[in-house]
Amino acid sequence: MDLSVHTASPSLPFPHHSSLLFNSCSHSMLRLEYRSLYWKPLSWRQNRAIRAQSPNQTPNDGFVLDDVPHLTHFLPDLPSYPNPLQNSQAYAIVKQTFVSPEDVVAQRIVVQKDTPRGVHFHRAGPREKVYFKPEEVCACIVTCGGLCPGINTVIREIVCGLNYMYGVDDILGIQGGYRGFYSKNTMRLTPKVVNDIHKRGGTFLQTSRGGHDTHKIVDNIQDRGINQVYIIGGDGTQKGAALIYEEVEKRGIQVAVAGIPKTIDNDIAVIDKSFGFDTAVEEAQRAINAAHVEVESVENGVGVVKLMGRYSGFIAMHATLASRDVDCCLIPESPFYLEGQGGLFEFIEKRLKENGHVVIVLAEGAGQGYVAQSMHAADERDASGNRLLLDVGLWLSQKIKDHFTKVQKMAVNMKYIDPTYMIRAIPSNASDNIYCTLLAHSAVHGAMAGYTGFTVGPVNCKHAYIPIARVTERTNTVKLTDRMWARLLASTNQPTFLNCNEKLQEVDEEINNFKIPSI
């Protein structure tokens, strides 16, 4: 294919379309030959969007390939080898064993005629050539950040995938998060060791927040002869993975760094959803059902269920839609107010008069401004840089009780349920187990094929290799102007707590421009 490559000036952000927070319309572009791009230092090229044009495409079709780094970009003489999967009995029945380098996945699946085709990513899967001999591979796996259903499944399938598909025997588990690299906490992983860990919650390798010292970590990687690093964690962890990759490239060592994005909140950008999310929504139904049973059994019962969702309310929104027993859902993206016309108190009073009870689902990040103001709390953060949240569930329960007891002179029966740790600690369900297997295998195929500094995930239901910077540049949030939130409002018949379209647009723009805190 005849390629014409456009790339942004190194001093300017790379030219993604407008939804990616970068407005590059006014940036000057440099036209380079494809072969000249090959020998540029990877630090210059990484995460630059490549605009490829084939003879069959119109000049302005707007096809953009968001490329991922490859070991050969800074080790051009690295030899390749035939993929062992060509002799695999399992893959012998597959019509097309290997993914073509030309296969890409579109970020936008719905487009209009004569509009740009938009950003695309390399499709994940096994390649015909690999850049590691199985007997020379020394891989390691590390888990960082908070717990999430499915972590153990990912660990298990990375180990089994490396061993069963590629014949790799030397696999290490780094214990206790990033600190484990330089505190020398490791264990040998084999298919037998990890055989049944997917049936347990938590992480088999233990975890921690913070503790990221890039130079110490890469020193340890070199000392131990590790040449494949699999990092399971959220946005802060993936930023750390990007730093590790950059240091590896700077030193010019053959180490593939693969990220597997993890967050129970489903707030990772680009990918369809994060693993553990389906399990969390399913388990949240138990808490909502318990609250509903409790408040139905008493006079003027008010149930408050607090679910996960630091910056985004996906779990609360989906759990509400799935339950149909929820009267009101409050999320971080949608400000609400308590008193006055159209406020939460008025809505609760109306529902109590209509039904005799009310169930409220509350994301942990909702209403934090109100809580901090009333408690005069300082802005404190954890080791990962995340803001420490106050218990909005207890605060709201007390506010509701005080209002109806003192102002309305009406007794209410408050029931507050916080299932956070119960949800985080359970094993993943069947849907997430399958998803975790695909994530792990995609990461293994990518690392063996020589890709590095990448993360994996489904984009429009097709797994793809994505530059780490793309999934850490912003947080995925509930869009108040999208149909899913409209479906929730229609389902619960709750107020929007917003007075006009202009205010709604301001809230949505503020959410879209939210940046993830650095590690």
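In case you wondered, yes, glycine gets a Cβ from its N, Cα and C as well.
According to TrEMBL, the features are:
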type     : residues                                                         : note
DOMAIN   : 140-445                                                          : domain 'Phosphofructokinase'
BINDING  : G146, R209, G210, G234, D235, G236, T237                         : ATP binding site
BINDING  : D235                                                             : Mg(2+) binding site
SITE     : G236                                                             : site 'Important for substrate specificity'
BINDING  : T263, I264, D265, M308, G309, R310, E364, Y421, M422, I423, R424 : substrate binding site
ACT_SITE : D265                                                             : active site, proton acceptor
Considering every residue in the domain 'Phosphofructokinase' (140-445), what is the mean pLDDT value? 93
Can you tell me which of the binding-site residues G146, R209, G210 is spatially closest to D265 (substrate binding site)? Compare CA atoms only. G146
Please identify, from the binding-site residues G146, G236, the residue with the sparsest Cβ neighbourhood, meaning fewest other Cβ atoms within 10 angstroms. G146
Return the member of T263, G309, E364, M422, R424 nearest to G210 (ATP binding site) in space, with distance defined Cα to Cα and candidates limited to these binding-site residues. T263
Most isolated by CB count within 10 A, of the binding-site residues D235, D265, E364, is E364
Winner by Cβ contact number (other Cβ atoms within 10 Å) across the binding-site residues G210, G234, G309: G309
Based on Cα distances to R424 (substrate binding site), point out the closest of the binding-site residues G146, G234, D235. G146
Tally every other Cβ atom lying within 10 Å of the Cβ atom of R209 (ATP binding site). 21
Round to the nearest Å and give the CA-to-CA distance linking T237 (ATP binding site) with G309 (substrate binding site). 18
For E364 (substrate binding site) and G146 (ATP binding site), what Cα-Cα distance in Å is obtained after rounding to a whole number? 15
Residues satisfying Cβ distance under 8 Å from M422 (substrate binding site), sequence separation of at least 6: E283, A287
At a 10 Å cut-off from the C-beta of R424 (substrate binding site), count the other C-beta atoms across all protein chains. 19
Would you mind checking how many other C-beta atoms are within 10 angstroms of the C-beta on T263 (substrate binding site)? 26
Quick one: Cα separation, T263 (substrate binding site) versus R209 (ATP binding site), in Å? 13
To the nearest Å, how far is the Cα of G236 (ATP binding site) from the Cα of G309 (substrate binding site)? 16
G146 (ATP binding site) to G309 (substrate binding site) - Cα separation in whole Å: 13
